[in-house]
Each structure stands twice: as structure tokens, then as C-alpha cells.
Amino acid sequence: MTTSTVTAAAPAPTPGKSAPDPARARLRRRVARWGFVAPAVVFMLLFFGYPLVRNVLMSFQHYTPKTFFTGEAPFNGTDNWSSVFQDVLFGKALWHTLVFTAGSLLGQFCIGLALAVFFTRRFPLNGVLRSLILLPWLVPMVVSGIVWRRILDQDTGVLNTFLGTLGLDGDTPWLTSPDMALLSVILVNIWIGIPFNMVILYGGLQEIPKELYEAAALDGAPAWRTFRSITLPLLKPVITVVLVLGFMSTVKILDLILALTDGGPADATQTLGTLTYQNSFVELDFGAGAVVGNVLILVSAVFAVFYLRANRTEGK
Amino acid sequence: MTAHPPVAAPRARGRSRRAVTSFAAVSVLVCGAALTGCAQQRDSDVYTVMNSSTDETYHRWDAEAMARCGERLGVTVEQQSVPAAQVMTKALRMASSKSLPDIVQFDASEMPTFAEAGGLVDLRTLGLSTEDVPEGIVDFGSYRGTYYGAARSVNTLALFYNKDILDEAGVKVPTTWDELRETAKRLTEGKRYGLALSAGGAEDGVFQFTPFMWSNGGDETDLDSPEVVGALDYWKALLRDGSLSKSTVNWTQADVNDQFMAGNAAMMINGPWQVETLNTKKSLHWEIARIPVPEAGADSVGPLGGAVLTVPRTGDTERERTAGRIVACLASEREQLTYARNSWMVPANEKAAAQWRAQVPELDALADQVAAARSRTAKLGAGWSGVSLALQSAFQSALTGQSSEAALKRAQQRATSGN
């Protein structure tokens, strides 16, 4: 306040008088810098920090529908945590989440990389095919879920009918057998994730200088050797990004599973994501839902740290 | 050289200061926007009803009814429709921000949860009468003896059958479990199944299991009793016979209806809300009957379904009284009849139901079934959702290979250890 009144009260500026005071200029620069950062900080605190802290607190509270009226949610220590950890369903969901994430990532990445490498060659219709492969990415998750549910229907689904006409087993219980359902859900998710992996990896491949391949060809290196010694190492930063982003979006899966199987049959496709949803919004036990949500955040945080580590060593 | 610093300095300073102020202003705006909504001003003549009428037809019927009632009472009634699964959570969020609508239409199985939290006003204190409303339907809208929800119409499940297929095969409409099993087996042919029902992992499946569980004398408070095991074994037997599709465990009630309409099922268990869709296919000749019972002469007890109109506690007694009058109007005999004729559901009011029966005799079986129907939450209240989840998991395990007994024993454990 005082500084501004001083400046304002100063007479019409003449070149000599307004010679910058170095201390004040530095302060002003610092204020300006924080001014630019402030909206981002406020935004982060409001929309990320606050919900995060609330979620952690909520997992230690007895939070029920009544809380919405009274605002009272008594702390109950680790009651929510112990009841969730004792629930058989939690163990199952954790295991399913791991299998789902690992399976999806592996499938998406391998097929995505293979397609990306394939499309670096020049051939007719390359562009058209590449854009066609993007289609699964454009379809909203819930829509793909519903369409795939129809395709995978045991009796009337297109897939079984097709397999039947080929003389193969046309009675595969894709979504109706507890032993198959998780695998089917993973396959659908791989289908959804391929375009993302392909596009990013394709971009990475474009960055690799062509001369390296020419040199390798002159040295008479076979294709596999070229791929292992040139493509993979130079693609590493991009691979890290793809895998970490893929992990983040896969581990919290909810919409696809709800649309495909609703967590069934017999809880065979229940993951941490669906469990949080079920606890919080079906059973309205928000404390238990928060516990599972926190576990999910924790798992993601571990991977975020790995990611940051990997990036830092890249930078050096 | 000398001219430069003085010219440059003020400009730079001015720009940065302006930038700082504008960014600060943006920050304030962002924060402000995030905090509004807490103090929502209510318009004195506009009343809001939150419901789940997201289908175009239902939305239109409701809008028309609200316009008529609004005109009669000299207020404007606005409709806010959200997907059925979101009514409860949305209402809870609105309760915590003190911006509840004046009327909420809950699914009757959800109403106890909201009532237990202390969020609803006793409709009798608002002057609503329950004269002409059958005892069962008054209970349906009540929680612990207090009448919180006025039903306009109710529904339940019935056995829908394809008349042409049954006639062609020369079989009678089944009335007992043995007959149903026999008929379903006879009608299963090629790609067509004898019967379709939903055993999906959501409330749909549980809703469809209750008529089998209850008619067999089973009860939701004792899931591993021999009666419930018997009901589940009956479902397993239908599946083993090949009369039910193996996809049954993945079907919702809408999927069941699709299969029936496509001719992939000769009979189905479903509710009157499908009639509108069924009637779009002119070549399909369907009729309905009561759901078969274990032994001849036993009661066919189905689940009572439907929504109830409630008045949330907003603290403004004047508005709550007017909201009560709007509910009374929407649930009046005349409006009930209009709504029931549109939606094919059974009017809650006895007099309206009698008129409705005369107007749509083909749905007579439904009216009988409603008269004997039971509410899912009558015994467990807000505890129903936990039991429902345990039961879903149990019948899916049993239908995919486990023994009914083991599956239901686990369900009972899960239901009692929960909470």
C-alpha cells in the first residue's frame, strides 16, 4: 500500500527522478512472478488439493447419508480401513486390478508398437489405414462398452456367430463365465488402447534420424538388430510416457467395466474402481469408498514417482 | 542511451502491474465461481421437481401433468430430470449445499435411505390423505410407519408370453413351477429359448429373483434358508435344461425385452414399462399372466416397484406446504389415471385402479399381481442395498457353477458382516 501511494504521489516523472530502485524492482519482479503462478496454485489447491485431503480425511470418518444433512461425520479411527481390508472382495478387486492393468498395458503397447513400426514404411493407403485405426479412440468408452457387450453375447453375439461359421467353438462364454470375463474385458480394453499407443509411438519413431538406419543398413545389420539397437533405445523416453499415461488411465478403470459386466458375473471383474463406485454410490458407505479410492491414489502415486525419476535421469 | 531506461522502465512496470491485477482478478473470479451455488436464491413462484424421467415420453407426460397442476395452484412447476442411478447422490449433494428441490421423486427402494437421514417431510402433516390408497401401497411409501412418499403408480413383474408361439406348440400358459419348466423346455427350439429373464449384476437381477424367492416362502433376512436355496436351484434347473440362455447372467431387463421382441425367447419375466416398446412391433402378439408359483394354489408374490413423490426438508415450511399441494395434485385420482394410461403402470389409488382395469383389461393379470406384491425395503429399509449386492453375487456364482447353498451361505455372511 505505502509503496504505491508513494509512487502515485510522486510528481510527473522526469527521467532523473524515476531511476529504478534496485531493491524495489526486484520485489516487484518477484510479485509479478508469483502473480502469474498464483492462479495455477489456487486452481491446484482448490480442485486437486482440497478433494485429496478430504478423501483422506473421509476414509477415517463415519460418513453416511445423514452426514449430508447434519454435516457431522465422527472420526472412527481405522474402522473403515480394517473393514475394507477384511472384505474378501477387496483382495479380489486388488488382484483383478493388477491383472487388468498389466494385461492391458502389455497388449496395448506391443500391438501399438508393432503397428507404429509397420506404418513407418511407405505404402499405398498408409494414411487412410492409419486414420481408420484411430476410430476406437474416437468412440466414447461407454459406447464401446455397450457395443462390445452385444458383440460378445454368448448366444446372439456377432463374434460367436462368426467363430461358429469358421468351424471354431461358437459357444464361448466371453462375458458370462467368471473364468473368461476378466480376459474379455482386458481384450476390449486393449482394443480401445491401441490407437493411443500407436499414435504416440509413431510420433516418437518419426524423431529418430533416418541416417542411423542407413548406417545400420550399410553395416549389414539385420532388421531385428536394427530394432533392438537403434529403435528401442532412441524411443525410450516416449515409451516411458506411453506406459505411465497408459497405467494411469488403466488402473482407475470404471466406465468400461460397468458397461460390459457391471463387475460380474459373481464379482469376477470387480476392480478397485468399481469397488469404490459400489461402496460410495450403491451402498452409500462413503468412508469405505474413500478407503479404496485412497489405495488407488497411493498406487498411482508410486508410479508417478517412478515416472519423475525416469524423466530426471533422461534430462541429465 | 540515456533516453532508453526511463521510457522502458515505466512501460515494463505498467504492464507487469496490469498483468498482476488482471491475474488476481481472474483468481478471485475462479474462487468466487467455485463458491457460488451454496447460497441459491429460490424464486418464490417457481417450484422444482427432481425426477428420473429422462426418456422423452416420460419427460413429456410429466411436464404436462406438472403444467396442469401448476395452473391449478397458481405456481410454476419445473422439472429437472437426471438418470435414475443419480437421483440419490444428486439429492444428497444438494442437501449438503442447502439447495434441495421442492419435490424429489425417488425410486421407492431408495426412499428409506433418504428418510432415515432425516431428509423428508411427513406427507400427512402437509395434509395429504391416504384414503382410497390400499394398505400395501401406503406402506410402500412409508418408512418406519411415517408416510413420506406418495406413489402415482406402481408396477411389478409378470410373465409375458408370445401368444403365437404358445398356440403353435399347443401349450397352455404355465401357472406352476413344474408347468413353467415343462413349457419352457418344449418351447426351446433352435435359436429360441423357452424363457428369458435377467440375472444381471445389478438391481435388475435381484428384482427378478424376488418373485421366485418370496413365492417359495423365502426371505431377504435369511438368505441361506432352504426356501431361498430352492428358488435359486429352480433357476439353475431352468438353465441346465437349456430353457434359459447362458447370457442370462449378463442381461438387464431391457436386454430381456430385446430378446423377446426379436423372437429369441417365447416367454419372459418383465414389467409393464416395456409395453410401450413392445407395442412398436405390430407383428408381435403378446399377453401377460401371473408369475408361476411353486405349488398350485400358492400366492404369487412379486416385488412392488415404482417411484414415490417426496417433499424434502428444506426448512421453509411455507414452501413445503405448497410442495405438498403439488404432490397431492400429481397423485390425485385423475392425474394417476392419465399417468397410468400413458406408462402402462397400475394406478396406486383404488378408485383409479378400478377405472384403469376397465380401460386396459389386457393388463388385468398385472393388477392382480400388484395387489399381492411386496416392497423390497419393507423389512430392511436402508439396509436393502447391502443385501441386494450380496444376493447378486450369490445367484451369479450359482448360475455359473457353484452350488446354490454355498453361494447363498456366503451371501448371508457378507450381508450380516457388512455395515
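The backbone N, Cα and C atoms fix where each Cβ goes, and this holds for glycine too.
The compositional bias 'Low complexity' feature in TrEMBL is assigned to A:1-20. Taken from TrEMBL, the feature region 'Disordered' applies to A:1-22. Per TrEMBL, the feature transmembrane segment maps to A:34-53, A:93-120, A:132-151, A:180-202, A:234-254, A:286-308. Positions annotated as domain 'ABC transmembrane type-1' by TrEMBL: A:94-307.
Annotation: stretch A:286-308 has the most Cβ pairs under 8 Å to the transmembrane segment (A:234-254), among A:34-53, A:132-151, A:286-308.
Long-range contacts of the transmembrane segment (A:132-151) within the same chain, counting only residues at least 6 positions beyond its ends with a Cβ under 8 Å from a Cβ of the stretch, are 115, 157-159, 175, 188, 191-192, 194-196, 198-199, 255-261. Taking residue pairs at least 6 apart in sequence, the transmembrane segment (A:180-202) and the transmembrane segment (A:93-120) share three or more C-beta contacts under 8 angstroms.
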